[in-house]
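Trainee: Right, I'll just put the structure down here and ask away after.
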Amino acid sequence: MEQGLTQAVAAPRLSAAARRRQLREKAVAGFITLMAFTGIAALILIIVFVAKEALALFTDAEARHEASLSKMFLAQEGRYPFRWQPVSGTPKVSMIPLFVGTLKITVVSMLVAVPLGVFGALFVAEFAPRRLRELLKPVIELLAGIPSVVLGFFALMVLSPVVKNLFHLDRPLNGTLAGLALALAIVPVIFTVSEDALTAVPRSYREASLALGATLWETAWKVVLPAAAPGILAACVLGFGRAIGETMIVLMASGNADIVSWSLGDSARSLSATIAAEMGEVVVGSPHYALLFFIGVELFIFTFVLNMIASTWTKKVLQRLTGSAS
Amino acid sequence: MKYTTRRAIGLGLTGLTAFAAFFIVGMLALILWDVARHGARHISWAFLTEAPSDGMMGGGIFPAIFGTAALTLLMTLAVMPVGVLTAVYLHEYAPPESRFARWVRVAVVNLAGVPSIVFGLFGLGFFILFVGGNLDRLLGYQEMHWAQPGILWASLTLAVLTLPVVIVSTEEALRAVPLDQRTASLALGATQSQTLARVVLPGALPGILTGAVLAISRGAGEVAPILFTGAAYFLPDLPTSLDSQFMHLGYHTYVMATQSPNVTEASGPLYATVLVLLALTFALNLVAVIIRTRTRRKAASAH
């Protein structure tokens, strides 16, 4: 709207001062546009410079021998077909245990966080009295302000013995513990985005439903929730992306064992935690180093795709509810 | 369905959703209570002002507090101008249907979702190896000087990480400045940049501050991106220049919680460190919430 304001001015004959002023305006606008370019530049630089360090896996003879794609993704001979031991005498670089570990922990956290976040949002948006809503919303959003290292610490010190005894597990650090702690980190994401989607549903929908004799819960469940469905799905996808990329919690609570096991009581190793744990001691330029950057590329691509899906669905809600995209 | 059944289902659903909401709040309360209860006992003036000793079991955490503060200060200096001006472009300068603006928005949305550990890899690959390496070559250093982890590179990495936070909250602040004020300024003959500098930005200042505070609190707590871009395991000396390594509250927490030979003995200083970190980030979040509600109320009463 505002943009049109300065453009309609006709300028017949300009004095020197006016021309200088016009030049200055152009310079300011140019500078600001240049700054806006940094977002795009940063995103491109991230993928370029992370991929660049991973490139050795495909160009360097030593790296290609030690960490070929088949060694990363296919079963190897021997008693243990899938192992991640990149620093042993004969490096084993299977990414399968990392995928299994990441997925296992992420699924646990989603199973806990999705119902909590969506139902919590439904309560705050539809059922809570106004006073309570104004209190609950910022308080739940405060949870997002807790650094993940603190959640990892909390899992380690407080949740670990509770989870171990409750589920009768052998190990203090395991997939369940990491998943539960991770759920705490993604609940605020799912809650906030779902709540936004629910609040975006126009009042007229609710009034129409109530006027037809539906109760408050029927309106919430059968009118508001379906109307906001794409946005809520987007919230879940966004939460999933956060869960896959979250590092410190998983690093501290999962036990970091490179085993292929879907048992929730076993320790697990995730993609992100592997980077965090091993990058500190790796030799720059070695095959192992390139491997860790390759994991970074994978994480970047996973989360990029999930983000694009989520933002498309968020837009869909607005489109559906207002008839226009914005 | 009979009315009573409908009512029962309604009560059940309301109860279920209320349980979910209060469960989240309960977990938050549990974390805060646990950390405050164990941590407060160990907090003392000496703990806050001394360097760690006895394999980090004794002494205090002053270098970590100082390192965190210096890191986030540098990060804020780097991210604010870029973030604010990007938001200004998106809201004040970009033509409504601009393809470039749409790409900027897509980039910002995706930047917000990139895992923090990937930012760490980026910081290592871009700032340290590429920029630092070339800087060393340019300045003629024989051994590595800029091409190694340091507080400058760590804070620039965090600046990229917090960029979306600043852009989104600044844009919200710009939206809150009434259109009439811009029109009035332009009608009086002010140029667009004069309007921006003297009317729009001052009007949006509270919101811009909110963005800064949110970015600081987010940046202060992030550990993954600084793991290999500058944080040091144990460093009793304070960082003296931009290429120094530094101690950090979050990294210190991670190190003490996972690598300490005796966690029960370390739990006192550990809890106290977490309490300081949590108090810092929460205080900042609270400030952001307060500024935001105040400006919203003011905006609401102005209409």
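Cβ coordinates are placed from backbone N, Cα and C, and glycine is handled just like the others.
TrEMBL: automatically predicted annotations, no manual curation.
Quick caveat, the model's predicted, so the values are computed rather than measured.
Features from TrEMBL:
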type	residues	note
TRANSMEM	B:12-33	transmembrane segment
TRANSMEM	B:61-91	transmembrane segment
DOMAIN	B:65-288	domain 'ABC transmembrane type-1'
TRANSMEM	B:103-131	transmembrane segment
TRANSMEM	B:151-174	transmembrane segment
TRANSMEM	B:195-216	transmembrane segment
TRANSMEM	B:270-291	transmembrane segment
Trainee: Where, among B:12-33, B:61-91, B:270-291, do we find the most CB pairs under 8 A to the transmembrane segment (B:103-131)?
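Mentor: Per the Cβ count, the answer is B:61-91.
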Trainee: For the transmembrane segment (B:270-291), find every same-chain residue at least 6 residues outside the stretch whose CB is under 8 Å from a CB in it, and list them.
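Mentor: Counting only partners 6 or more residues beyond its ends, the transmembrane segment (B:270-291) has Cβ contacts under 8 Å with 32, 35-36, 38-43, 47-48, 61, 64-65, 68, 206-207, 209-210, 213-214, 216-217, 220-221, 249-250, 252-253, 256-257, 260, 263.
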Trainee: Sequence-remote contacts (6 or more beyond its ends) of the transmembrane segment (B:61-91), Cβ cut-off under 8 Å?
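Mentor: Residues 47-52, 101, 104-105, 108, 151-152, 154-156, 158-160, 162-163, 165-168, 170-171, 173-175, 196, 200-201, 208, 211-212, 215-216, 219-220, 226, 230-231, 235-239, 242, 246-252, 269, 272-273, 276-277, 280 contact the transmembrane segment (B:61-91) from elsewhere in the chain.
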